[in-house]
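Q: For reference, TrEMBL lists these features for the protein:
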- 4-177: domain 'Hydroxymethylglutaryl-coenzyme A synthase N-terminal' (DOMAIN)
- E86: active site, proton donor/acceptor (ACT_SITE)
- C120: active site, acyl-thioester intermediate (ACT_SITE)
- S212, K257, K261: CoA binding site (BINDING)
- H252: active site, proton donor/acceptor (ACT_SITE)
- 654-681: region 'Disordered' (REGION)
- 672-681: compositional bias 'Polar residues' (COMPBIAS)
Amino acid sequence: MGSWPEDVGILAIETVFPSLYVDQTELEQYDGVSAGKYTVGLGQHKMGICGDREDINSICLTVVQNLMEHYDIKYTDIGRLEVGTETIIDKSKSVKSVLMQLFEPHGVMDIEGIDTTNACYGGTAALFNAIAWVESSDWNHRYALVVTADIAVYAEGPARPTGGAGAVAMLIGPNAPLVFDRHVRATYMRHVYDFYKPDLASEFPKVDGKLSIECYLNALDTCYQLYCKRASKRDSKETPVDLNHFDYLLFHTPFCKLMQKSVGRLGLNDFLSTSPDLIPQLYPGLNNYRKVDLNNSYFDKDVEKTFMTTTKGSFETKTQPTLLLANQIGNMYTASLYGGLVSLLINQNIEQIAGSKIGLFSYGSGLASTMYSITVTKDSNDNSQLYKLISNLKNVKTKLEQRLKISPEKFMTMLAVRQQNYNKAPFKPIGRVEDLFPGTYYLVEIDEMYLYSSELEGTLLTPNCIKDSPECKTLEETLSKEFSNPDPSRKWREGVNKSSFSYLLLDPRLTNNLPNRAEQMPPTEVWKTFLESIFYVGKGKRARPYSHLYDAVKLWNAGMINDSNKKLQHILDIWKADLGVICLHVFQNVIPVEAYTREAAMIAALKLENLRNNKLGQFYGTPLTWSAQQQNKLGVALLYKAMMIFLNEGERQLKPSKSTGRPRTSEESVEQVRNSLTRSPMKSVRKASRELAIPVTTVWRVLRRRLQLRPYRLQLLQALKPTDHLLRANFANDMLFHDNEDFLDLVVFSDESTFQLSGRVNTHNVRIWGSENPHMGTSATRLS
């Protein structure tokens, strides 16, 4: 019979916090309160602020991905994922299910765990669930991942300066450097209304400040007493366990000043549990406090001040090093306690932390509380897990310094925007993406209700995984192989002539010249923008490539700008905006049933309700027998290929001309093309079209007709044979004609039949635009 896993604890830890903050000194001045009310009275210096680009889902996605990357953890190694949060944006769908977007591309769906909620205690409950799972008979030798995260904001008033935001993720498993102590955990729970959120239309809580402090200190007293009792029993100690039992003390931190009071509170508990005979020796001059009633001393300033003074040394050595993030970011709710652990790990030397005992007190209003402890491994060499864990946190202080300060006025405006748009749909955030830390997930849009297929949704955060997916590649290869040589004895729909293609209609109001912007955008945003711009998927044939626009042109020419047909109406709306429809032709020269199958796969992936198509597509051949998941994955792969074609070809818009005859090219377009080709004479027409957002045909027309330029092509010539006397003589005459010092440097000599130009391919496509032959040369590298 096997024993339970040994040394279960924290193997890895990661934190994220907002890139924006407000200075509490400036906030004091803005609020018109006395100097030091927030910075001294609360002990807070800065407060992290989330704009409308970040929500609970985005910060959880960021912290999970960062942990997996920084510690090189495989997604397949995670068997349980638990989220603790009180920031609820959906009354049904969990944050954990949103995080599955990171796991699905890796084929990982067998993951236990869900969200846990009770004010600031949810993260601790999630942690305890993860520990219990690793130590249970259901453990499958994979890691548990715990995410604690919240965005804390308050209505205008005394509680507003105690806000904050952040997330901490922890990897749980055996043989850890931070080990959870067994048999000492002490829990205290009650039913009270000290802090609660009954208004589901607002993210602001209802707070009874005085009651909340009383409940916090009462829970601290009770948990500490029970912990000391259990620790003493477990360790068979004759003397009581007290503050000296811990090297460090961490607390849930609503504001830093409360932590100094909390350490003093533990000192008061130690004092009251000390034998009267030892009071004069251990607590000289404090004998008058022997009759203090704990339950009536929560707001006794004399008692509070006395024991804060008595325990000042303990606070400075055991707790002060744990308050960095709380002081600089504010209250992170469920992540607050574990932000204290991160602060300790980055503030102390590894030699100080190794072998230490850490006490932790977790509190959540309502109320739920627990005191427990961690023992740190003594192994601190450069190859130890403790060293790796601490090393991966070295950028935390740097990121704190890299944050952007906003004014109190801006802070108030951002809160007003959050309040105004809370639970609003549809909604597009206005915050600057550039202000976020690199690698941050952020909110692009909240739509009314429509989503893509789950297979496509799973790629929105990691689009590059599509091109590397062996399954997607196999599915398309199977499709192409079946229809490349169709059985002529079968009766195929519309025959077997390879003259069909698939096409996508894109809305330029959404693409906004995406091919030219793509290089400066994150891949995730490029992918989402492309998908959002698609409003129709169809099948066409080479004989009538734009037949899908003919009906719209008839309506337009007849002056009818409204139609019951959804596709036609969308096209007319684009034309009314003085823009053209983007018609992207893809997967050309295939038989009709293959084009229909590709059309069906892309519609299935996008979902019909997101398009202007009237019906789903039709699958043929082997894909007809595939599961819906396989059909959707084929559609995802095809859409990704279509996007790459679009980015390469550029944005070409089609719209009816405003007058009879060919539209006149504007002088502005002529100058744009002239300047572009003057700077780069070898620039291709397609590249110029993408950069200038001018149709390819217009660029070509300007170059040839308006600017009277000619495209000169590089020519590659075979080596002359010894018997080619006439060619050799002509070559020599040509050299004399072009006689100059640099000419030989411009000639490419080769004794091989084939050679490769350095940095160039397809030289037959290379053109040098000019009014006369520039006689340019280029260097070359032989293949052998």
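The backbone N, Cα and C atoms fix where each Cβ goes, glycine too.
Let's see these features in context: how buried, what's close, how far.
A: Look at E86 (active site, proton donor/acceptor): DSSP puts it in coil. Other Cβ atoms within 10 Å of the Cβ of E86 (active site, proton donor/acceptor) number 27 in total over all chains.
The DSSP secondary structure for C120 (active site, acyl-thioester intermediate) is strand.
There are 17 other CB atoms within 10 A of the CB of K257 (CoA binding site), with all protein chains counted.
Every protein chain considered, the tally of other Cβ atoms within 10 Å of the Cβ of H252 (active site, proton donor/acceptor) stands at 32.
Sequence-distant contacts of the compositional bias 'Polar residues' (672-681), counting only residues of its own chain at least 6 positions beyond either end whose CB sits under 8 Å from a CB of the stretch, comprise 688, 691-692, 694, 699, 702-703, 707, 709, 768-770, 774.
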Q: Hey, what's the Cβ neighbour count for K261 (CoA binding site) at 10 Å?
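A: Its Cβ shell of radius 10 Å holds 20 other Cβ atoms.
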Q: Please identify, among the recorded positions E86, C120, S212, K261, the one with the smallest Cα-Cα distance to H252 (active site, proton donor/acceptor).
A: C120
Q: Measure the Cβ-based neighbour count of S212 (CoA binding site), defined as the other Cβ atoms within 10 Å of its Cβ.
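A: A count of 19.
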Q: Give me the non-local Cβ neighbours of C120 (active site, acyl-thioester intermediate): same chain, 6+ apart in sequence, Cβ-Cβ under 8 Å, ordered along the sequence.
A: E86, D150, H252, N331, Y333, T334, S336, L337, S362, Y363, G364, S365
Q: In whole Å, could you give the widest CA to CA gap in the CoA site formed by S212, K257, K261?
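A: Across S212, K257, K261, the widest Cα separation comes out at 15 Å.
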